[in-house]
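Pulled from Swiss-Prot:
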type     : residues : note
BINDING  : 206-329  : nucleoside 3',5'-cyclic phosphate binding site
COMPBIAS : 1-15     : compositional bias 'Polar residues'
COMPBIAS : 43-86    : compositional bias 'Basic and acidic residues'
REGION   : 1-89     : region 'Disordered'
Amino acid sequence: MNRSANPEAASSTSHVKFDLGKSVDISSTDTKDGGTARSPLEPADKSDTTESKSESGSDSRSEEDKESPASIKEIKAETPQPKDRPGVQIKLSWSQKIKSWTAKKKRKLYQLVIDIIMMNRVCKMFRQGLRGFREYQIIEPVHKKHPDFSFWDKKKQGRISFVTEDFAAQEGHFPPRAISITQKKPSWRTHQEIQDLCNILQALDCYRSYTESLQLLLAKVIRFERFGRRRVIVKKGQMGNSFYFIYLGTVAITEDEDGSSAFLDPHPTLLHRGGSFGEMGLLSTTVRSATVVCMEETEFLVVDREDFVANKLGDEVQKETQYRYNFFRNLDIFQSWSEEKLWKLVALGRIERFSYGQMVSKDFMNSAFITFICQGNCEILRLVALGDCSAYYKWVWQQLELLDHKPLRIHDNEISPKERFKELQIKSYPLQDFTYLKLLRLQKAREQQGIDFHGKINKVENTLPKLLGPKIKSRFGHLVKCSMVNTKFGELPKEAIVGVYMKIHKTEEGEIVGLHQAFVPEIQRDCRPFILLSLGSELIQVRKEKFYDMVDEETRAKIIKMDVDYPSDEDLCQSFLKENDYIVFRKDLLRLLVEPLNKSPFIPVQTKKKEIYNHKSLFLDLCSLEKKVKQHYPIFLAPQKYLPPLRVVQAISAPRHKIQELLPQYKNAGVLI
């Protein structure tokens, strides 16, 4: 029986010898027979040499130094071998180990450099790919330590908790807890869950228009759906089975079946968050007359036909339809229309609600819709580029004369013939005075008429034109050094190229917007863009081409008669400059009279809090054209079709005299004489 197989018979001692300066050698000693187990991977002759070398390992260090380099540089180690495998002997020279270690080190360093380069390239590719998303800030959801809070209720003798995450919605999406409620059957929803859904749906304008009892019924039967871009929700020619509320996203209404025209039409019929569609198809058995397609990822709240009929939601839809009919019937323009024709017009439009300050149309002149004002008011605005108006050009240089003391004609591009002739005279005879020639001619003319001329002219000294002497003082101020922009009237400072929104008209209930110059030849039309801004209104929008198909001669004559011309940009610019002069004068006067009285030396100066709005954002200061001061406030830019964005202002402060110089009664600050 082999004693090496018995773990107790194995040698309990192992000899490990390290000589870092020499070599590394690992060998195992056998028990009793002194034999060594040979590795099956080594030949027999090699095992013999290994035994002879292991015996010489017990010599002194001085003898090891004298031996050959192959057998000298070694470190011997004797370890017990497991019973299931023979002893293994590994011998490598020190030079080989150094080379292998250096190669491994270089290989790892090279691999590390390659990994770093690869990571940099990947990061660069991600940055280039995400260039379009720089406006958005990607925030990872942070785990909250205490996502809910609770308090003790004395009446119920229990703790009431409120979980904030159940009601949290990201980027306007439908809350997850609300989605889980809508996935239940209507009969399984509790009263509290229905009330929670009703509170969440208050964000939709069309939902708020219903009565409270009907809102609870809708919250009980409603279900949630989410569809991606280009998904057709309602197809033309099919039966309608559902009624949709738009919670998030945008849909388009088209005439084709696949909805592809919505992505090609420059002015598609769009419905946004808070809109609804599909209710008319549930009131009758007729097929759908239009296709509804998603323009982006959209979230819907859907009411099916059986729930729609069971909860008598059709009565509310009929009320809205009757409301539109009554509105159109009361307008003078439709008094001659028949009932059938008017009901067709009612089917073409739908009621939309816009909050205060919400833009209805960027350019209703080129829009595809006609807007009827049912309730509330709207404003018609015009963005006037002041740099394109001659009145503004003259006004700017008149104000800047206080800085450079140069007349307006110097900055003109075109010079009148009279001014051109004067310049020719000055260039031909520079710095010369011809006043004596006029006096001589005047004296001769009066002598011929027999009129005595008092005063004599020294002809000897004035035979030649005299040069301008030091008595004539030229008044030149410092030059205004700033970047200039060429306009059709001349040069203007770049900072002075601004725009202003001017209110043209305020609409009332019953007015129609979008029929301005509708039947005027296209060459004679006013193609300027006009903005329609809501002040809290309820509107009905109808497509122009469908409305024009229904217009008869009598209605056309009424439309032409009610047409009104809008003022030109030049008139709007002049009215703005007049109003601006009054605004600036009023501010200066209030500052002169009121501010000195409000100052108190005993009140410590308090640091102003940072605010979102800064009055300097909408204020242009022509006095600081030369000052290169970094602006610490935002400015508002309005996009233009073929030109760079235009800065929008509300007032312009120009160089001006002090009020004390113009009005002596305000000489002392805070005192009116």
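Including glycine, each Cβ sits where the backbone N, Cα and C put it.
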Task: Cβ-Cβ distance under 8 Å to I222 (nucleoside 3',5'-cyclic phosphate binding site), same chain, at least six residues away - done: T182, L197, L201, F245, L301, V302, V303
TODO: Might you list, by sequence position, any residue in that chain lying six or more from T254 (nucleoside 3',5'-cyclic phosphate binding site) with a Cβ less than 8 Å away from its Cβ?
DONE: S260, S261, A262, D265, P268, T269, A290, T291, V292, V293
Open item on the list: Counting Cβ atoms within 10 Å of each candidate's own Cβ, which of the binding-site residues C206, L270, V302 comes out highest?
Closed with: C206
- [ ] Enumerate same-chain residues with a sequence separation of six or more from Q318 (nucleoside 3',5'-cyclic phosphate binding site) and a Cβ-Cβ distance below 8 A; give 'none' if the list is empty.
- [x] L283
TODO: Please report the number of other Cβ atoms within 10 Å of the Cβ of Q238 (nucleoside 3',5'-cyclic phosphate binding site).
DONE: 13
Open item on the list: Just to be sure I understand the packing, how many Cβ atoms besides its own are within 10 Å of the Cβ of T286 (nucleoside 3',5'-cyclic phosphate binding site)?
Closed with: 10
TODO: Indicate whether V302 (nucleoside 3',5'-cyclic phosphate binding site) is helix, strand or coil by DSSP.
DONE: strand
